[in-house]
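Heads up, the thing below is written out as C-alpha cells.
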Amino acid sequence: MTVAEIGAMAGELKVLNALDSAKTQWYHFTAIVIAGMGFFTDAYDLFSISLVTKLLGRIYYFNPASKSPGSLPPNVSAAVNGVAFCGTLAGQLFFGWLGDKMGRKKVYGMTLMLMVICCLASGLSFGSSAKGVMATLCFFRFWLGFGIGGDYPLSATIMSEYANKRTRGAFIAAVFAMQGFGNLTGGIVAIIVSAAFKSRFDAPAYRDDRTGSTVPQADYAWRIVLMFGAIPALLTYYWRMKMPETARYTALVAKNAKQAAADMTQVLNVEIVEEQEKADEVARREQFGLFSRQFLRRHGRHLLGTTVCWFVLDIAFYSSNLFQKDIYTAVQWLPKADTMSALEEMFKISRAQTLVALCGTIPGYWFTVFFIDIIGRFVIQLGGFFFMTAFMLGLAVPYHHWTTPGNHIGFVVMYAFTFFFANFGPNSTTFIVPAEIFPARLRSTCHGISAAAGKAGAIVGSFGFLYAAQSTDASKTDAGYPPGIGVRNSLFFLAGCNVIGFFFTFLVPESKGKSLEELSGENEDDDDVPEAPATADHRTAPAPPA
C-alpha cells in the first residue's frame, strides 16, 4: 500500500462517500428543522429582551417627580441586554470543545435543556427591590446565553456533517436563516401579549397620569414574552435525542466506521458495508491537535480569517441599535414616550421591530440559501462586506443631509440595504464556512472559537457604540451617558470594520462543491502527499426489503 493510498483512506470510507453523493432526501429537511428550531429559539431568546427593556424601566425605575417615564440606568440596561451575549461567548467556547470530545448528539441535548430551564427561570425572576429583580434576571440570562452559545457550533457542525456536498451550503444557511423567523416570532408574541393586556387593562398616557400609565398587571407581560421561548426548544428535544450521531464524528473521531455505516444505512435507506481494512487504517492514523504545528501550518490562516471576519462583522451588525431610534421616530412608528402608556409603548416597539425583521432581515437570509451553492461563499462574503462599506459610507458622508426633515426615507432605504447585504453576505457565511473547512475532530471547537470572536464583536457593537455614538456635545447626550464621538464618526469607524472584513476574507478558502475531508485535508497524510485517484468501488446497494 502506497503512502498516497494510506493518505486517501478517510475519503475512501464508503459511508462518507455515500453522504457526499446522497440525493436530497427527507432526512435532510428533518435535520434542517431540528437544528433550525434550535436557532429559532436562540434568536427569540437573545432578541426578545430588547422588546421589553422599556417596560422594565417603567415598572422598576419609576420616578413620580420625573417628566419622563422610568428607564433602565445605562449600567443596568447594558447588563440586562449584554449578559446573555457574555454567556453565549463562554458557551460557544465550552460546548464547541465539548462537542469534539463527547460527540455532537450528547452535547446537543445538554444545551437544549439548559436553554429551556433558564428561559423559564428568566420569566420567574424575583426580588424585593428593582436591583434584586434585575440581578436575578441577569443571572438566568447569562446561563441562558451559555446554552445558546453551545447551539452555534453544534447546529452548524451537525448540519454540515449530515449534508451532501452539492447543497451543503444551502442546508447550513437554512438553519441559520431560522434566526430571522425567531426575531419575527418574538415581535409577534410581544405584539399579541401587549395588545391583550392593553385591551384588558387600559391605561392613560404618562403625561396624563404618571402612576396610572403603568398598570400592575404589566409586570406579567414581559415575563410571558421571555418564557414563551422555552416552547419551541421543548418541542424539538425528543427529535434531537432520536437523531443518530453524525457519521463523520463516529467514523473519524470515535474511529468506529462500522457503527457509522450502520447508522447511515438507516438514515439513507441504502445498505452500506464498510470494509474492515479501510476502517482499521483510519483508526490507526495519527491526528494532530489544535495547538500543534501541523494545525498552524494547515489551518492557522483559515482560523485567523474566520475569527477576524466574524468579529468585525458583528461589530457592524449589532451596532444597528444606533440608528433604530432615529428610524422609528422618522417614520413615526414611535411617538414620544410620555404620550403613551407602558403597554402601548411595548406594543409599538414590538410592531416596529417586527416590521424590521420582516422587511430587513429575512429576505437577505433566504437569498443566501438560494444562491450560496451557485455563486459560492467567497463571492457572497466579499460582496456583502463591499456593499455594507458602501452603504455605511453613504449614510456617514452626507449624514447631516439624511437627518434633515424630508430626507428620512432615503436614510431608511440605505439602512435597509446595509442589513440586506449583511444577511446576504458575511452574517450568513461567517456561520457556514467554519463548519466546513476544519478537520472533524476539531470542527466544533474551531467553529466555537470563530463564533466566540463574533460574539465579542457583538458586545463591542451593541454596548461600546452606545457610548461612542453619543453626541460630542454633553448637553445633547442621552441621560446617564458621557459625550462620545457622534453617530457620523461611528459610521466611519464601522465602515472601516467592513473594509478589514473584506481583506481578511481572502484568508478563507472557497468550500463550494467540495467534500469536508477534501477541505480539511483529512484525505491527506501530509501537505506534500498528493490526493489519490478515486479507483475503489464506492457503490452502495439498495437496502433489502424489510
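Even glycines carry a Cβ here, placed using N, Cα and C.
Note: TrEMBL annotation is automatic and uncurated.
According to TrEMBL, the protein carries these features:
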- 519-530: compositional bias 'Acidic residues' (COMPBIAS)
- 31-513: domain 'Major facilitator superfamily (MFS) profile' (DOMAIN)
- 515-546: region 'Disordered' (REGION)
- 29-56: transmembrane segment (TRANSMEM)
- 76-95: transmembrane segment (TRANSMEM)
- 107-126: transmembrane segment (TRANSMEM)
- 170-197: transmembrane segment (TRANSMEM)
- 220-239: transmembrane segment (TRANSMEM)
- 303-323: transmembrane segment (TRANSMEM)
- 355-375: transmembrane segment (TRANSMEM)
- 382-402: transmembrane segment (TRANSMEM)
- 408-425: transmembrane segment (TRANSMEM)
- 446-469: transmembrane segment (TRANSMEM)
- 489-508: transmembrane segment (TRANSMEM)
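Touching of the transmembrane segment (220-239) and the transmembrane segment (29-56) is concluded from the presence of at least three CB pairs under 8 A, sequence neighbours closer than 6 excluded.
Residues 301-302, 304-306, 308-309, 312-313, 315-316, 319, 322, 377-378, 381-382, 385-386, 388-389, 392-393, 395-396, 399, 426, 433, 437, 465, 468-469 of the same chain lie 6+ residues outside the transmembrane segment (489-508) yet bring a C-beta within less than 8 angstroms of a C-beta in it. Here the transmembrane segment (76-95) sits apart from the transmembrane segment (355-375); fewer than 3 CB pairs are under 8 Å, leaving out pairs fewer than 6 apart in sequence. Ranked by the number of CB pairs under 8 Å to the transmembrane segment (408-425), the listed stretches 29-56, 303-323, 355-375 are led by 355-375.
Long-range contacts of the transmembrane segment (170-197) within the same chain: residues 28, 31-32, 35-37, 39-44, 47-48, 51-52, 155-156, 159-160, 162-163, 215, 217-218, 220-221, 224-225, 228-229, 343-344, 346-347, 349-351, 353-354, 357-358, 361-362, 365-366, 368-370, 372-373, 423, 428, 431-432, 435-436, each at least 6 residues beyond the stretch ends and with a Cβ under 8 Å from a Cβ of the stretch. Distant neighbours of the transmembrane segment (355-375): 166-170, 173-174, 176-177, 179-181, 183-184, 187, 324, 333, 415-416, 419-425, 427-429, 432, 512-513; these residues of the same chain sit at least 6 beyond its ends, with a Cβ under 8 Å from one of its Cβ atoms. Across the domain 'Major facilitator superfamily (MFS) profile' (31-513), the model assigns an average pLDDT of 87.
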